[in-house]
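Annotated features, as they stand in Swiss-Prot:
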DISULFID  CYS229-CYS231  disulfide bond
DISULFID  CYS262-CYS265  disulfide bond
Amino acid sequence: MTNDNLYRYLFEGVSVRGELVQLGNTYQQIIASKEYPAPVQKLLGELLVATSLLTATLKFEGSITVQLQGDGPVRLAVINGDHEQKMRGVARWEGEVPTDGTIHDVIGKGHLVITITPTKGDRYQGVVGLEGDTLAESLEGYFANSEQLKTRIILRTGEFEGNAKAAGMLLQILPDGQGQEGDFEHLEQLTETVKDEELFGLDAQDVLYRLYHQEEVKLFDPQSVEFHCGCSRERSASAICSIERIEVEKIIADEGKVSLHCDYCGTSYDFDSIDVAALHENAAKNDRDQVH
């Protein structure tokens, strides 16, 4: 199992749907951007898996952002993904982060914020308190409150064969499945038996067979998941041009350059006085060309 993929599946004769996501490279790139403490890496991995699972529920082109905000050691942890399963994320923390604490120990008094932004249409934002002791329990509460659909979410992170891995599953009763709670609970019990090493090391087909070999499962083609930051030197140059030139020149006079750092991938873009002069010269030329 080497690729980062999201899988969707259905159960024949039962109005329950499932998702399985298995991530390696995507997770590794996100946690490599900073020297995150182990508990923060774990939290980002769970958020990453959760965002991938939630993004798969979008029925339109757009993006979804899942973030945790609080007054604890980790003030912010956020993952952004889109309908193409392109992911990026970052976290901010202060001091020592508890290794074996609950989500309340890590985030403190806080909220789970889910923002859905369609390419066309209005943005939607849902804010819920942190329920239970884990991120998964808070997400299950979100679905119970916002969609009134019984949902079970499993989020796992860890190391497998020397590499950081993140994986998870979502099980949800379909809108027309009300009254089939018994079937859902049966499948829920089966899903909860999944082991970390199975999620991290087996192909999706093998994971599903081990869990549901007595059920009829329809597995759909996978969708690849990847890290995608979106930053570039060109975007950084545009940002510099939007700042008063005298302020930029003062920074260069003090530090020899102006630097823009991308929190998502860790890349720094440096501009010296010659670069800045060229940027403004090109901007002025473009303005003249538009006038004529």
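Placement of Cβ uses the backbone N, Cα and C atoms for every residue, glycine included.
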### Message
Between CYS231 (disulfide bond) and CYS262 (disulfide bond), how many Å separate their Cα atoms?
### Response
7
### Task
Report the same-chain neighbours of CYS265 (disulfide bond): residues 6+ apart in sequence with Cβ closer than 8 Å to its Cβ, ordered by sequence.
GLN29, SER33, ARG88, PHE227, CYS229, CYS231
### Message
Under DSSP, is CYS265 (disulfide bond) part of a helix or a strand, or is it coil?
### Response
coil
### Message
Give me the count of other Cβ atoms within 10 A of the Cβ belonging to CYS231 (disulfide bond).
### Response
17
